[in-house]
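Taking it in order: structure first as structure tokens, then the write-up.
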Amino acid sequence: MQCALFDAGRCRSCQWIEQPVSQQLSAKMTDLQQLLAAHPVAEWCAPVSGPEQGFRNKAKMVVSGSVEKPLLGMLHRDGTPEDLTDCPLYPASFEPVFAALKPFIARAGLTPYNVERKRGELKYLLLTESQLDGGMMLRFILRSEAKLEQLRAALPWLQQQLPQLKVITANIQPVHMAIMEGEREVFFTDQQALAERFNDVPLWIRPHSFFQTNPTVASQLYATARDWVRALNIHHMWDLFCGVGGFGLHCATPQMTLTGIEISPEAIACAKQSAAQLGLTDLHFQALDSAEFATGQGRVPELVLVNPPRRGIGKTLCDYLSQMAPDFIIYSSCNAQTMAKDFGHLPGYRVERVQLFDMFPHTAHYEVLTLLVKS
């Protein structure tokens, strides 16, 4: 992938960009094989990859510069701002949005937040696009509520320019720290969630719910988990750290009892909405801590699917899964190091199948799906 920002030394986020994608994939496979060297793997599936550019459905832009000439991108370590609106990881559909947002910031009088001086209002712009219909969610991350009415008054102009903006919000983040968002969300649109669809499964994206940034590869990840579960003829499963329900909704059948657990109430609201659309009545999504839920249950499911954050599931949950002993565990990981460590705490299971998903081209990161079978 050619990138003018990288060539000019202005951005180094894609550290592997100079390697061909095939070479990147080989290096990732080697890394994964080394991490799992202590665990014999019965079947290595071919890695899955997607487009090498224009694949992101989300932009997280630091707003800097001046109100008349805002920059949308990032801050270097020394505080120097960098405009990244030309980043080739973004689809072409983002270009007109960035182009309209710059004059809009001036029209609305949203002074970019200056980290050094601790002054200004607009900290970040977060943009998410649905693959279903090109609808978008735009979030203004503000330091305070001081400019809310000014922003509200200016929005009709922006909505006229960009009718694809289906959900528009302001998030209030008053803390002078590198925290992306605060708890208070103010909606400027009647619509509060973005409709998405992967493999004919309806999904919903709300402001505070996590959603994968590479939809092409994510849809293949969910479809693979579905195929693995269907082949096992499962009637009762848990989906822990379920997010908006991507895995559980793909795996569920009308004959199956499924419980999905996620700490975020917003994500659970999305999952419930999808389950209702699919007419699946034996799906139960609850906003709880996954480890606390699991350790408090009596009835043992045949399969437990886990999709934890980078820290992994940890020894406590591993020990409980070992004690509970479901027949199968499907582990989806964005950090193979912590996944391998967790496998060390699951001695009663063998690694049946492993597949790498190249969710983050041009970087060392990848996603991996693993099927564990009770020995």
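From the backbone N, Cα and C atoms, a Cβ is placed for every residue, glycine too.
The [4Fe-4S] cluster binding site annotation in Swiss-Prot covers Cys3, Cys11, Cys14, Cys87. What Swiss-Prot lists as S-adenosyl-L-methionine binding site is Gln212, Phe241, Glu262, Asn307. Per Swiss-Prot, active site, nucleophile is recorded for Cys334, and the stated evidence type is sequence analysis.
Where Swiss-Prot records a feature, it is marked here on the structure.
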| residue | record | Cβ within 10 Å |
| --- | --- | --- |
| Cys3 | [4Fe-4S] cluster binding site | 19 |
| Cys11 | [4Fe-4S] cluster binding site | 20 |
| Cys14 | [4Fe-4S] cluster binding site | 20 |
| Cys87 | [4Fe-4S] cluster binding site | 23 |
| Gln212 | S-adenosyl-L-methionine binding site | 22 |
| Phe241 | S-adenosyl-L-methionine binding site | 23 |
| Glu262 | S-adenosyl-L-methionine binding site | 28 |
| Asn307 | S-adenosyl-L-methionine binding site | 25 |
| Cys334 | active site, nucleophile | 19 |
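For Cys3 ([4Fe-4S] cluster binding site) paired with Gln212 (S-adenosyl-L-methionine binding site), the C-alpha to C-alpha distance reads 23 Å.
Cys334 (active site, nucleophile) has none of the binding-site residues Cys11, Cys14, Cys87, Gln212, Phe241 nearby, counting only those with a Cα within 10 angstroms of its own Cα.
Checked against Cys87 ([4Fe-4S] cluster binding site), the binding-site residues Gln212, Glu262, Asn307 differ in C-alpha distance, with Gln212 being the nearest.
Apart from the site residues Gln212, Phe241, Glu262, Asn307, the chain places the Cβ of Phe210, Cys242, Gly243, Val244, Gly246, Phe247, Ala267, Pro308, Ser332 no farther than 8 Å from the centroid of the site's Cβ atoms, the recorded S-adenosyl-L-methionine location. Distances between the Cα of Cys14 ([4Fe-4S] cluster binding site) and those of the binding-site residues Phe241, Glu262, Asn307 are shortest for Asn307.
A Cβ within 8 Å of the Cβ centre of Cys3, Cys11, Cys14, Cys87, the residues given for [4Fe-4S] cluster, is found for these other residues of the same chain: Leu5, Phe6, Ser13, Ile17, Leu84, Pro88, Leu89, His362. Between the CA atoms of Phe241 (S-adenosyl-L-methionine binding site) and Cys11 ([4Fe-4S] cluster binding site) there is a gap of 33 Å.
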